[in-house]
Amino acid sequence: MSSVNKDTIHVAERSLHKEHLTEGGNMAFHNHLNDFAHIEDPLERRRLALESIDDEGFGWQQVKTISIAGVGFLTDSYDIFAINLGITMMSYVYWHGSMPGPSQTLLKVSTSVGTVIGQFGFGTLADIVGRKRIYGMELIIMIVCTILQTTVAHSPAINFVAVLTFYRIVMGIGIGGDYPLSSIITSEFATTKWRGAIMGAVFANQAWGQISGGIIALILVAAYKGELEYANSGAECDARCQKACDQMWRILIGLGTVLGLACLYFRLTIPESPRYQLDVNAKLELAAAAQEQDGEKKIHDTSDEDMAINGLERASTAVESLDNHPPKASFKDFCRHFGQWKYGKILLGTAGSWFTLDVAFYGLSLNSAVILQTIGYAGSKNVYKKLYDTAVGNLILICAGSLPGYWVSVFTVDIIGRKPIQLAGFIILTALFCVIGFAYHKLGDHGLLALYVICQFFQNFGPNTTTFIVPGECFPTRYRSTAHGISAASGKVGAIIAQTALGTLIDHNCARDGKPTNCWLPHVMEIFALFMLLGIFTTLLIPETKRKTLEEINELYHDEIDPATLNFRNKNNDIESSSPSQLQHEA
């Protein structure tokens, strides 16, 4: 072969290598596709890239991924804690210690409303334009809206609650977008053996967010102690006290942006998710390879016979794989696919389980005032003592129930499995809510405290963690984000129902019948028990995804065979079927 032809081949090889490179990659998200960009066969390149992800061990790379992906959940839970305490602080500034009930509900529910929009909107968008192009956008929305909240002030022309509610709805859109994106990106980058633990650890950042909020609140209350402790009631909170409270809630909410800003670079520079790049964008590459068949004559005319043979083999492989590739994502195909019961029941199971859980998960907070009173961290009218007790009391409850539950899930979800943990959690919670509801007045304060902590534990070592993990694994790549968004949005709808409709039931006819406040709380707990019972049945619809690759899950539960796996099997079958005489003849 002449030196000119050799140079031409080397240039062509470098060009092909460059053609297969993808953008992005940083310390938290390694670009596995670029490790195999030199492989010309798209199916072989796909197989090797996915194998390198699935077989990877657990190390610092995964710890960094957990940190970067988990910051959104940390910010979300931090904000929930901050706004609950912030509302108390605001009430001293604008309402002499007693914010109207509708205003409180509006500020608390507004974030959930935005979250529903973000979960569905960003979830769908990530399947249309890709994960890389929008990952980080939701964090930018959260950061900007959090900063804007700290600048809101009251004036005759501007309603304080209305403006703050608007910013919280928009911030909720960012928070909602983080649910499907962080879940599916973590899932698609995670090693098969520890995928559940990695996804669970991302979600467990919620506990750290609540703890961070409590610690920062304690520091702020201690720092402003001199401006608060002399006010023994909201009426006694004068201009000095009001200024301190006004500064505290703004600092408390504003500090929620710090970790988000620190992690923003890593989100904006991630590579495209390998599964999305290979599953959704692969058809274009395979179609281009198939066009080589049209140039078969031109290939034979070249002086390099080996290049011609290789070109024909690649074209043949591409044509074969096109027939086995999943259909292109579209609304019509989505309806066709999930309109079939064997596929649609999985979406019903994930969405239904998340809905039933969140009704009770957010409704359980209705008992918080009673629980804090029991452990001696409620009841004081002194401004300093009330803020201090609220922060410390909630920290105790989080560390007693929520935090252990999250991490027991993380350490066992890849051993026990997702479905058994979720099923057992719903069964135990059904029993616990029945006890709380039907024996409420016989339990006593300490009995109620014990059951409250146990409920918190089994919600997190149970469906609260698994309802986040399973939707990120059990759907085809082209609809994984959309389906996760639908499931998560269903949960938030349940939360809104709990905070509005069921939340108001606790005082149903109490004043009319001359009964104390919260007289209907036991019956509300019984309603929550019914939702937990429904969760048992929705859990039966979901598959077990433990220790299976995403491609194996797709083949098992959606009947879509990975083209690279099929190609690899066919090659092995061809080798095994070849007789020794044939192999000797070929040699």
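Don't overthink the numbers, they just go from 1 along the chain as shown.
Cβ atoms are placed via backbone N, Cα and C, with glycine included.
Going by Swiss-Prot, the topological domain containing Met89 carries a different name from the one containing Tyr343, and the two residues are therefore on opposite sides of the membrane. Looking up Thr22, Thr302 in Swiss-Prot shows the phosphothreonine annotation sitting on Thr302. Among Lys6, Lys108, Lys342, the residue that Swiss-Prot annotates as ubiquitin cross-link is Lys6. For the transmembrane segment (109-129), the most Cβ-contacting stretch among 68-88, 157-177, 346-366, 396-416, 443-463 is 157-177 (pairs under 8 Å).
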